[in-house]
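First the structure, in the form of structure tokens, and then the observations on it.
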There are 2 protein chains.
Amino acid sequence: MELDDSILNKFGFIARGPKDAINIDPLQTGGKLTEDARKALLEWGDGYSVCDFCGGVLDLIKKPPIEELIHNALPAFLDTDAVRITHGARESKFAVMHSMGQEGDYVVLDELAHYSSFVAAQRARLNVKTVPHSGSPEYKTDVEAYATAIEEVISETGKAPALAQVTYPDGSYGNLADVKRISDICHSYDVPLMLNGAYSVGRMPIHAKKMGVDFVVGSGHKSMASSGPIGVLGVKEDYADIVFRKSPTHKVKELELLGCTARGATVMTMIASFPEVVRRTQNWDNEVADARWFSAKLEDMGIIQMGDKPHNHDLMFFEAPVFYEISQTAKKGRYFLYKELKKRNIHGIKSGLTKYFKLSTFQVGRENLSYIADSFQEIIDTYQK
Amino acid sequence: MELDDSILNKFGFIARGPKDAINIDPLQTGGKLTEDARKALLEWGDGYSVCDFCGGVLDLIKKPPIEELIHNALPAFLDTDAVRITHGARESKFAVMHSMGQEGDYVVLDELAHYSSFVAAQRARLNVKTVPHSGSPEYKTDVEAYATAIEEVISETGKAPALAQVTYPDGSYGNLADVKRISDICHSYDVPLMLNGAYSVGRMPIHAKKMGVDFVVGSGHKSMASSGPIGVLGVKEDYADIVFRKSPTHKVKELELLGCTARGATVMTMIASFPEVVRRTQNWDNEVADARWFSAKLEDMGIIQMGDKPHNHDLMFFEAPVFYEISQTAKKGRYFLYKELKKRNIHGIKSGLTKYFKLSTFQVGRENLSYIADSFQEIIDTYQK
């Protein structure tokens, strides 16, 4: 194929439709850039921009304050010992699994773990044992079953799992499990515990040590108002020399990071947003209050919130028989809801979903949430006439 | 440590000093964003922005034209069968090494390979056998020694190496090895060959099949005018099912990509710059002419260009005894050169270097190159008075 203008003209600058809508997509509410991050994007957008200031180790760059972020601020923010930045939560999880496990070892995952946790384990050539949840409507992870899972691995293989993981919250129902209890169970078997905080780090306070977790994983583009891909990885000192082991030939380069990770615009947007990200986690109680208030509004319309109740996180899953019923006869079928919301500048419920959907109220604000709830009611009223 | 304002005020927006200088840093000349890419950055900068349009597989997104880029345009551009985007060249190399090799296998690298090639092999738990070069002043990779290296591995382990790699060009001297000959040698032993084109893909025409390479690796932030981290990985169809193997449990997710890679601003800046990147590779002869012209100018001043001569790439390494001599008595010692250049708005020779340094003439243009050469002469004249 010749790359002539008829092909090349398909590329270039492309506008992004929904960028100014009221956004309730759980993937996006925590990743929206701050004003400072938008400025940083343009300032540092060129490839390798931060490398001007690098003596060979990204996390030791003093100006801009990358070392300060990675070695002082983030360990304090996460309440952990050693931190590095990675290309994202999944890359953080893979780095831990790949360094803590040997081919054929087991890792214990909650059944509600994100697909990328399973995929990371598979890429690391580890086996997975899952911990079940209670099913509908609460989908509560069976915390005590971490013991069962670990014992099954020991009895099948003669060896404890290399690692256990808990997803906090899970990405479907926004449930927050009792991590301290899981940690006590895992540690009684000498199994280290990783917390996948892709939906918590940067939204709510996370104290790794207080919770008893050995590894904590966060996502810059999901929850830290950063332009991705970027993630964070916090490690308890006991394991830092394993996960951050260095090359035998290139003494300052860390193997699991392939020597360097999120240079350029990604780390500089994380730095730009960091003050606001820290402050917003201190406002978490109000975010939970907003989520509960919105959930109650929807429940009044016959839309049922699944998962923890009362809910403790902005990510919520709903069952909406009323919308499903409408979709059976509506002109646009199951796309009516997406289109009605789009008309009202509301974005984030996946096109085609009516009976079940998830959304996030994070930083949407009471006024917009009120508008969204009123819109739901208006749509119901219009179609039920 | 409390994250109070005295800490948080260190972060936020931070200005980037050298952003408007004439840049000759080899890491940066090919990564400078195009105007379209700068617009795309802001448009798509929010975390997960392209995910609105995703049905579960990043490279199958139709609008924006990510599928068109990855499945049509990039395979044509690289002359290869299957392409994916990754977080960078090193991540591409690791994906290939990790999927092609089993723990303990060997990979053959040219001695001039970038450190990240060694680190990727080490992370994949592979052993490395190196192919030597001719040393100063040419540093030519001994192409025929690929056979020796492969035979050594076979005689030591009873098994051929899992993979060989050639760095094209190497990142120190900008030398372009005879890849076709290396490929013939490797293939005669059934060893697949990977081309690390971090400094070539996006700067000069690269035809993987014509050169006989099985894997081709490129860097978005180094040479494709993209905001990083982002890279490309091209694979011959024979190996696509190995490198891009899917999860047994999550059927559409590719393990080596952990299911998804460069979503958001990174891929959208690559798309934005792609037309210009394709066109500039067609202008490669002029770039080489500029490099040679600049090299000759410096040689006239007694500054010696190492590596291939005449040179075939914009990345060049110089030995400058004249600057070294000046540094012995100059007031600012070995920092005089950096400071003199900075005064003249020229950026990219590392602070503190005088005797040996590398630079890149890519897209700097004859006028700026002339200004830089004149500045070198002026600095020499000033200090030699």
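Just so you know, glycine gets a Cβ as well, placed from its N, Cα and C.
The feature pyridoxal 5'-phosphate binding site is assigned by TrEMBL to A:Ala89, A:Arg90, A:Asn196, A:Ser219, A:Gly220, A:His221. In the structure as shown, the Cβ atom of A:Ser219 (pyridoxal 5'-phosphate binding site) sits within 10 Å of 31 other Cβ atoms.
The N6-(pyridoxal phosphate)lysine annotation in TrEMBL covers A:Lys222. Contacts of A:Lys222 (N6-(pyridoxal phosphate)lysine) defined by a Cβ separation under 8 A and a same-chain sequence distance of 6+ are given as A:Leu27, A:Gly30, A:Gly31, A:Ala89, A:Ala198, A:Tyr199, A:Gly202, A:Gly228, in order along the sequence.
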Cβ packing number for A:Arg90 (pyridoxal 5'-phosphate binding site), 10 Å threshold: 27
Other CB atoms within 10 A, centred on A:Gly220 (pyridoxal 5'-phosphate binding site): 32
Cβ atoms near A:Ala89 (pyridoxal 5'-phosphate binding site) (within 10 Å, other residues, all chains): 30
Cβ-based neighbourhood (8 Å from the centroid) of the pyridoxal 5'-phosphate site, residues A:Ala89, A:Arg90, A:Asn196, A:Ser219, A:Gly220, A:His221 excluded: A:Gly88, A:Glu91, A:Ser92, A:Ala198, A:Val217, A:Gly218, A:Lys222, A:Ser223, A:Gly228, A:Gly231
Max pairwise CA distance, angstrom, over record-listed pyridoxal 5'-phosphate binders A:Ala89, A:Arg90, A:Asn196, A:Ser219, A:Gly220, A:His221: 14
Near-B candidates in A:Arg90, A:Asn196, A:Gly220, A:His221, A:Lys222, the recorded positions, by Cβ under 8 Å: A:Arg90, A:Gly220, A:His221, A:Lys222
Where A:His221 (pyridoxal 5'-phosphate binding site) sits in the secondary structure, as DSSP reduces it to three classes: helix
